[in-house]
Amino acid sequence: MVNMKASMFLTSAGLVLLFVVCYASESEEKEFPKEMLSSIFAVDNDFKQEERDCAGHMRECKEKLCCSGYVCSSRWKWCVLPAPWRR
């Protein structure tokens with residue numbers, strides 16, 4: 001009975017150790033692609049999205065007009081999709 005408990009404990013400890021080692025090596029491997037992708041897709045100031053003259057979906061429409069395909073909700077003052085019940 002004692003040998004079975006000891007073997008179960010050693011098996012559990014071995015699995016935990018294996019998990020920790022695999023996790024550590026995997027986290028090191030994950031850092032490299034992240035760094036590479038961030039350097040490839042670095043965003044310049046020239047490529048940043050310019051602010052629109054219209055408000056998109058679920059944006060406030062108090063000062064800006066809604067973009068085409070959206071209407072300003074009279075209740076919440078958000079740009080929403082037009083629907084038959086919103087007339």
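The backbone N, Cα and C atoms fix where each Cβ goes, and this holds for glycine too.
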Cysteine from Cys54, Cys79 that Swiss-Prot links to Cys67 by a disulfide bond: Cys54
Cysteine paired with Cys79, where Swiss-Prot records a disulfide bond, from Cys22, Cys66: Cys66
Top Cα neighbour of Cys54 (disulfide bond) in the set of disulfide-bonded residues Cys61, Cys66, Cys72, Cys79: Cys66
Disulfide-bonded residues: Cys54, Cys61, Cys66 - member with fewest neighbouring CB atoms within 10 Å: Cys54
Neighbour tally for Cys72 (disulfide bond), based on other Cβ positions within 10 Å of its Cβ: 16
Least buried by Cβ count (within 10 Å) of the disulfide-bonded residues Cys67, Cys79: Cys67
